[in-house]
Amino acid sequence: MRRRKFLKKSGLSTAGLLSAPVLASCNTKSNATVAQTTSSSTKPIVICTWNFMNASAKAWEVLENEGSALDAVETGVKVEEADINNQTVGIGGRPDREGRVTLDACIMDKDANCGAVLCMENIAHPISVARKVMEETPHVMLAGLGAELFAYEQGFEKTNLLTEQSKKEWEEWKKTSKYETIINIENHDTIGMLAIDANGDIAGGCTTSGMGYKMAGRVGDSPIIGAGLFVDNEIGGATATGVGEEVVRTVGSFLIVELMRQGKSPQEACEEGVKRIMKKNEGRKDFQIGFIAVNKKGETGGYCVHPGFTYREYSENGHENKAVESFYQGG
Ligand code: ASP
């Protein structure tokens, strides 16, 4: 778009776009507004899990320049993959128990084409390798060494993903070797992103280093089409963050898209998705999951298990860090 038109309409300057309130830290509820389903005719929009402002801004840049939703999500999530200070995605991610950083990612386009890499080492941009799997192979998923070798074939460079910081923390962790997920200050914080472009087409991408100090070889929901991400261009898309094992058990993102197909709003569908998970986990409070969704009209919604999860939305109306309602109210 027509950046000028966008800026005029929203009354925001470029500087304003990137200024104070939106720089809230990833997991705080401060200056987040409670998500409401918003109605609009289909216009470009991007949403992502958590308050990944730079990633969503980058994706929005692609959309406003009339790029495809697919390019937008790939470009957007790459920002987090490249950020060494983000210890839950890409380079700098926390390693598994053996000290290896293994990455998971998947991508899905408007034609239900999809690609994924699982448990891949030494490559800084798993989302781009996932896209290559989608576009250059007859397969959907490549795992481990196979994914890594394919990446080299495609021209990706070998990169050491274990930063000094993550190594230091892992060495500290080894002293107790206690494996637990800490809600919202997680050793996990996937970026899942959904976008609609100027043609009204939807795409999604999801990328993570998975749970910190996971068992070697562990794969969560994030690279699993239907679990961590699902897009149906007729209906909408959904993506997840949180304890992947629980998302896989309900095929969470597919479920949410199917609920939207049955007439639920993105908000209602995300709520139902979390409730299904909690039904299988009655009384359990030791994990977080957050879902976000967008439908074909560009309406969005999100819901989570515990307070604290937010999602960032970018559209011609500006951008916002949206707090979502949760299954538990705290405590
Ligand atoms: N869903 C990711 C996984 O289970 C982690 C996360 O989103 O926090 O690997």
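Each Cβ is built from the backbone N, Cα and C atoms, and glycine gets one as well.
Per TrEMBL, the features are as follows:
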- THR190: active site, nucleophile (ACT_SITE)
- ARG218, VAL219, GLY220, ASP221, THR241, GLY242, VAL243, GLY244: substrate binding site (BINDING)
- 1-24: signal peptide (SIGNAL)
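Annotated features taken from TrEMBL, shown on the structure.
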{"residue": "THR190", "record": "active site, nucleophile", "contacts (Cβ under 8 Å, 6+ apart)": "THR49, THR88, VAL89, CYS206, THR207, THR208, SER222, GLY228, ALA240, THR241, GLY242"}
{"residue": "ARG218", "record": "substrate binding site", "contacts (Cβ under 8 Å, 6+ apart)": "ASP96, CYS119, GLY210, MET211"}
{"residue": "VAL219", "record": "substrate binding site", "contacts (Cβ under 8 Å, 6+ apart)": "ASP104, LEU118, CYS119, ALA143, GLY210, GLY244"}
{"residue": "ASP221", "record": "substrate binding site", "contacts (Cβ under 8 Å, 6+ apart)": "ALA227, GLY228, ALA240, GLY244, GLU245, VAL247, VAL248, GLY252"}
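Among the recorded positions THR190, ARG218, VAL219, THR241, residues whose Cβ is positioned under 6 Å from ligand 1 are identified as THR190, THR241. Its Cβ placed at the centre, THR241 (substrate binding site) has 30 other Cβ atoms within 10 Å. For GLY244 (substrate binding site), other Cβ atoms within 10 Å of its Cβ number 27. Counting other C-beta atoms within 10 Å of each candidate's C-beta, the binding-site residues GLY220, GLY242 are led by GLY242. In the three-state DSSP reading, GLY244 (substrate binding site) counts as helix.
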